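Undergrad: Before I ask anything, here is the structure I am working with.
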């Protein structure tokens, strides 16, 4: 089965083709440089850029893949959560394409796709603990199957990735700040600054990073007054050691918090021997190291995709669509988009006859 995946939930316009679980080709247009001028994503500009590039990117993808449009069996698209205007561009394009080709149509949960992205590189193993850490979400899931994920904990205010970007902005780092903060942290010492580990004085599995963000911002205002470095800072070369140390301490506080909650979830679910790490913050080198060590100590395994599959991409949408499509799942063309802040409805339909036919081929 050939599945086209379309991703337009935020500021990346991306399309990919997955055939029988294998990535054939992917194309992407990023808006990072444009939004960096404003210090964050401007929703109206994001949706206009998606509209501008989605058609040409589809044409480019099909040329590279040496596939014809008529060979597409399933069109999968990120339906949410995300920015409403951005989602609408991708969903409208996907619906029109599926209708014109007579292909099946499927709306994919953007968060679920992140959790499944590692399957493009290595076998996914279940049941597993899913730790999704991105700019908009910090969630824990009990994953019984690729399409059966039980929420265990969620972000109550600022997500980890959002905290990285906002503190990076206070520090004068180029947007988005998370990647550069990771690099700066690698050259700093974390033991000189005692940032709090937020929301650990309870027995639940939810996250809250607003207090840590405020603590870091206050520290910068109190200790970095009068200090100068190039702004926006785009590399580690011109950064003073004090800045590197601050990034190291903040980075460690975030990672400690994530790993503490993950450990708590594993202790309560001892049958979970695998941990799937996903989302843009899964690119963080310290987080990848600590999660790997955590699972090794417990005799389990950490499943972590390559950094190129952690950030928003269409390969994960196409792969999630293929996994669901081969089980016979699909949506009707009146499916709605679901912006951030709303729960995705369980409205997929299933054609069991199609799934049985597919399993025999």
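For all residues, glycine too, the Cβ spot is worked out from N, Cα and C.
Copied straight from Swiss-Prot:
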- 110, 114, 312: Fe cation binding site (BINDING)
- 132, 133, 134, 135, 136, 165, 178, 182, 284: substrate binding site (BINDING)
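Surface or core, plus neighbours and distances: that's what I need for these features.
TA: The secondary structure of residue 312 (Fe cation binding site), as reduced to three states from DSSP, is coil rather than helix or strand. In the structure as shown, the Cβ atom of residue 312 (Fe cation binding site) sits within 10 Å of 25 other Cβ atoms.
In sequence order, 111, 114, 115, 138, 139, 140, 141, 278, 279 make up the list of same-chain residues 6 or more apart from residue 132 (substrate binding site) whose Cβ falls under 8 Å from its Cβ.
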Undergrad: Could you tell me the C-alpha distance between residue 134 (substrate binding site) and residue 110 (Fe cation binding site) in angstrom, no decimals?
TA: 11
Undergrad: If one looks at the chain holding residue 178 (substrate binding site), which residues at least 6 apart in sequence have a CB under 8 angstroms from its CB?
TA: 135, 161, 164, 165, 168, 280, 281, 283, 284
